[in-house]
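Contents: one structure, followed by commentary.
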There are 2 protein chains.
Amino acid sequence: MAEFDINILGCGSALPTTRHLATSQIIDLRDKLYMVDCGEGTQVQMRHMRIKFSRLNHIFISHLHGDHCFGLPGLLSTLGMLGRTGELVIHGPKELENYLRPVLTIFCKGLPYEIRINTVDTYQHSLIMEDRSLSVYSIPLKHRIPCCGYLFVEKQKEAHILREMTDFYQVPVRMMQEIKRGADFITEEGEIIPNARLTHPAKPAKRYAYCSDTAFYPNIIPYIEGVDLLYHEATFAECDAARAKETFHSTAKQAAEIAKRAQVKQLVIGHYSARYENLSQLKQEADEIYTDTTLANEGMVISLS
Amino acid sequence: MAEFDINILGCGSALPTTRHLATSQIIDLRDKLYMVDCGEGTQVQMRHMRIKFSRLNHIFISHLHGDHCFGLPGLLSTLGMLGRTGELVIHGPKELENYLRPVLTIFCKGLPYEIRINTVDTYQHSLIMEDRSLSVYSIPLKHRIPCCGYLFVEKQKEAHILREMTDFYQVPVRMMQEIKRGADFITEEGEIIPNARLTHPAKPAKRYAYCSDTAFYPNIIPYIEGVDLLYHEATFAECDAARAKETFHSTAKQAAEIAKRAQVKQLVIGHYSARYENLSQLKQEADEIYTDTTLANEGMVISLS
């Protein structure tokens with residue numbers, strides 16, 4: 001079972017190339033799937049990466065540019081044809097509803113499942129959704145249109161019971177849940193057994209921040225400080241910094257600057273402009289600021305656990 | 001220069017697979033491109049097949065099912081980003097306008113070129129467009145929603161002048177155009193030189209019929225009789241004939257039956273259901289009726305000239 005994996009389905013930008021696909025990622029957290037962005041071709045790429053359609057319950061859309069959402073109509077139709085019945089929630093900016101409603105009306109008559117659109121205020125850092133494993137927060141970004149990133153915060157897992165110890169102290173079954181959550185145990189004789197002797201701590205909860213598309217925007221630093229992994233867009237090389245500024249995108253160096261200042265544990269860059277056949281320049285420019293940047297690529301899976 | 005080529009970009013059906021892409025074809029007639037249907041992923045496939053975006057001026061949509069038109073928003077956006085200025089005409093059923101208008105409003109503000117939507121009456125066989133090289137006619141099909149095929153009829157090219165003969169008879173330059181079109185030449189002495197001595201005939205004009213999606217529908221036969229190439233959908237094998245009927249699709253055998261009765265010169269089948277990993281069964285069933293059926297495949301180019 002995947003503990004906390006980030007699957008890169010596509011990491012290109014708006015213009016189609018044979019090297020990269022439009023943006024989409026799937027976060028696989030304890031076998032529940034959360035999609036971020038859904039560019040054209042996402043559903044086919046899910047097939048290529050053998051990602052199960054049925055485990056997907058939430059889609060987060062960063063902004064209404066085609067390379068981040070033109071895969072939605074196909075994916076939503078396919079989920080219907082596959083006989084999905086459970087609700088699907090799509091989180092995204094206000095305009096998402098105007099985009100999807102006509103598509104659903106024309107193409108998805110009699111869909112066997114509900115689609116709920118949850119409007120996200122892209123200008124606020126706030127809690128967007130929460131379930132047993134995860135909380136997701138918006139990260140306001142700076143782009144040409146309303147746009148936000150998403151911060152995926154794993155919930156702390158319960159500690160593992162050390163069976164031989166609980167047997168030894170004859171801990172009753174009804175106490176186990178509390179002990180998993182950190183309680184000490186008091187024996188019939190009144191002896192306090194500290195939790196640390198009864199359990200093995202769970203791995204620390206992880207955090208993943210997705211930031212695309214955005215200009216260089218240090219305001220995001222407080223939200224992403226110390227995350228285990230930051231995906232930051234790096235559309236341009238430094239020689240095209242003027243173009244980056246003009247189009248509200250970042251250079252690889254700027255992405256690295258954000259990663260360094262936020263002291264993130266790992267940096268992955270993507271959303272490459274179609275103009276670069278070779279991405280070594282982007283990596284080199286990022287590495288000068290933040291050591292060992294990872295270049296995203298289609299099919300890449302990054303495990304946080 | 002391509003004389004009359006059919007490029008198969010995708011020949012799968014609605015459910016995504018790793019083997020086939022959603023439907024799209026490009027007819028390359030003397031280097032002008034005409035697209036038929038535009039499923040998700042078409043623009044990326046154009047890149048893979050090195051098809052030039054700038055030479056495309058007409059798109060024909062058969063019907064409003066997603067696997068035949070979900071690639072339009074991405075393609076239309078890309079054409080804008082590539083700086084297109086010439087008008088693009090999209091021909092298709094009435095519902096096309098309801099689908100595209102909201103998409104254009106939300107995603108294509110300030111597009112540098114005009115998009116004209118030409119509504120096609122899918123229940124009529126009529127002339128849809130015409131230019132110097134080609135006439136395109138609708139072919140009414142029988143599907144769950146309004147749907148038509150398209151018949152591409154090349155215009156007869158002018159005959160080739162036999163230069164040594166026109167020199168010998170001292171044909172004046174001003175006469176050449178008429179002679180290319182079939183006129184005889186009368187010398188100053190009144191001698192009639194028959195056209196056949198002055199020219200070499202152009203190759204006969206070719207016809208291509210695209211018929212997808214449709215139930216078995218012999219009504220189309222008069223429209224496609226004797227065409228040089230018929231693309232007919234063959235979603236199902238004979239064992240799934242009931243499912244074909246129910247969903248208004250054809251079996252490979254039915255496609256071959258249409259091809260045989262219409263005496264077409266070549267048959268290509270496609271629009272395969274995702275359930276068939278191996279298509280040899282479809283070919284075999286078609287071949288029993290119509291010898292030497294071609295199985296469409298992504299990247300295939302069929303030359304009619």
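Including glycine, each Cβ sits where the backbone N, Cα and C put it.
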Same-site residue for Zn(2+) 2 (record: TrEMBL; known: A:ASP67, A:HIS68, A:HIS271; options: A:ASP28, A:ASP121, A:ASP213, A:ASP228): A:ASP213
Cβ atoms near A:HIS271 (Zn(2+) 2 binding site) (within 10 Å, other residues, all chains): 29
Listed in sequence order, residues not in A:HIS63, A:HIS65, A:HIS143, A:ASP213 with Cβ within 8 Å of the centre of the Zn(2+) 1 site Cβ atoms: A:SER62, A:LEU64, A:HIS68, A:LEU141, A:ARG144, A:ILE145, A:CYS147, A:SER212, A:THR214, A:PHE248
Nonlocal residues around A:ASP67 (active site, proton acceptor), in sequence order (Cβ under 8 Å, 6 or more apart): A:GLY12, A:SER13, A:ALA14, A:ALA22, A:THR23, A:GLY39, A:GLU40
Listed in sequence order, residues not in A:ASP67, A:HIS68, A:ASP213, A:HIS271 with Cβ within 8 Å of the centre of the Zn(2+) 2 site Cβ atoms: A:SER13, A:ALA14, A:ALA22, A:THR23, A:ASP37, A:GLY39, A:SER62, A:HIS63, A:HIS65, A:SER212, A:GLU233
Candidates A:HIS63, A:HIS65, A:HIS68, A:HIS143: member of the binding-site residues with the richest Cβ shell (10 Å): A:HIS68
Sequence-distant neighbours of A:ASP213 (Zn(2+) 1 binding site) in its chain (C-beta under 8 A, six or more apart): A:SER62, A:HIS63, A:HIS65, A:HIS68, A:LEU141, A:HIS143, A:CYS147, A:GLU233, A:THR235, A:PHE248, A:HIS249, A:HIS271
